[in-house]
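S.K.: Please see the structure below; I have some questions.
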């Protein structure tokens with residue numbers, strides 16, 4: 001009953017915290033500050049975004065094999081009958097309407113953008129899934145992951161902006177390939193699962209208050225780990241729970257490396273990392289938190305430096321940013337302060353939205369309920385070993401064992417509320433972990 005009441009209390013408080021920022025629209029700085037419409041710049045002829053090859057991890061990913069009508073993977077394709085999209089279908093087989101679900105979702109979003117940008121004009125698809133071998137070897141058209149598009153009026157002066165709208169709609173790679181069309185493609189469904197969520201690999205380490213280090217995957221409620229307050233001062237913070245925990249996950253991580261000192265941090269695209277302002281030489285992180293996917297060489301992250309027995313945070317220049325696929329699991333630890341030192345690099349505990357302070361306030365009800373339960377629930381004794389289990393652990397983990405696998409219910413609640421209240425541009429497209437199909 002106590003846990004049920006706590007959940008109801010959390011839901012009410014979380015909703016109120018998120019609704020208030022969404023409704024506030026007055027002047028000044030704060031959660032309710034209006035976002036100015038983004039100025040859209042047309043793509044130049046032969047430009048592609050992102051600026052990497054199409055079939056790399058940073059774009060739509062590798063080719064996975066041709067899909068035919070007789071293959072087992074044909075069921076991965078779904079027809080698109082959106083009346084706001086014109087399909088050329090010159091083969092007269094309906095093949096151009098077939099595509100993966102991800103491609104369909106992005107195409108439907110783009111169709112709305114096109115009608116908003118040019119009233120009376122629709123999106124036109126000239127090529128979708130190809131079963132006849134008309135494209136180059138290993139083309140993503142053979143998997144239903146690519147489309148070639150124009151506007152219905154075939155006004156070529158619009159194509160640069162059409163490409164930009166495709167980028168904004170969420171296509172994973174957009175190329176102003178020809179003066180006659182724009183080429184767009186998406187990741188494979190299993191690749192999306194590998195890139196989604198906001199986590200660290202299980203092999204990452206944290207520093208414990210009692211000394212030494214511990215693997216992230218081995219953290220338990222009651223552990224106190226090295227973190228930082230909002231002024232950049234190092235301290236030890238209570239580990240509360242995992243916001244996401246997947247032991248068997250195979251994920252694509254961004255590898256952020258510094259040289260002086262030499263440190264390396266792995267985290268998923270949607271996780272937040274603190275970056276120092278250009279004019280800052282001190283240890284205070286301030287409000288600058290970026291998605292890992294936006295961190296670039298030359299920017300500075302915060303690392304632990306030890307000088308004469310004094311340990312403090314200092315900015316260190318990022319030397320390289322690469323991608324690596326690992327099968328070490330995926331873990332998103334939450335501390336009471338909302339920050340954590342992973343592999344000696346300061347990171348946020350949050351992901352999905354690029355506002356650390358928003359996220360930390362949204363978790364205030366969870367922290368409060370955790371503290372109340374820890375105070376109300378007495379530490380219980382583990383009959384097997386004779387030792388006592390901390391109250392915080394017995395309150396939050398029903399079995400007194402390792403934290404529950406999967407995405408934490410409170411994270412899912414906030415995510416769903418956020419999708420109702422926040423602009424889609426506020427949320428990272430790979431923010432919430434998805435299961436591979």
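Every residue, even glycine, has its Cβ placed from backbone N, Cα and C.
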S.K.: Which range, 19-25, 26-32, 33-39, does Swiss-Prot list as motif 'Cardin-Weintraub'?
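M.R.: Based on what Swiss-Prot states, motif 'Cardin-Weintraub' spans 33-39.
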S.K.: Out of 91, 138, 168, which one does Swiss-Prot list together with 127, 130, 132 for Ca(2+) 2?
M.R.: 91
S.K.: Looking at 58, 128, 198, 400, which residue has the cholesterol glycine ester feature per Swiss-Prot?
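M.R.: Of the listed residues, Swiss-Prot records cholesterol glycine ester for 198.
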S.K.: I need the CA-to-CA distance for residue 198 (cholesterol glycine ester) versus residue 148 (Zn(2+) binding site), whole Å please.
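M.R.: Each residue's Cα considered, residue 198 (cholesterol glycine ester) and residue 148 (Zn(2+) binding site) end up 32 Å apart.
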S.K.: Near residue 148 (Zn(2+) binding site), which binding-site residues out of 90, 91, 127, 130, 132 have their CA within 10 Å?
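M.R.: Matched binding-site residues: 127, sequence order.
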S.K.: May I have the list of same-chain residues other than 141, 148, 183 whose Cβ is within 8 Å of the Cβ centroid of the recorded Zn(2+) site, in sequence order?
M.R.: 126, 127, 128, 135, 139, 140, 146, 147, 177, 181, 184, 185
S.K.: Could you give the Cα-Cα distance between residue 130 (Ca(2+) 2 binding site) and residue 96 (Ca(2+) 1 binding site), in whole Å?
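M.R.: The separation of the Cα atoms works out to 7 Å.
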S.K.: Provide, as an integer number of angstrom, the distance between the C-alpha atoms of residue 132 (Ca(2+) 2 binding site) and residue 90 (Ca(2+) 1 binding site).
M.R.: 12
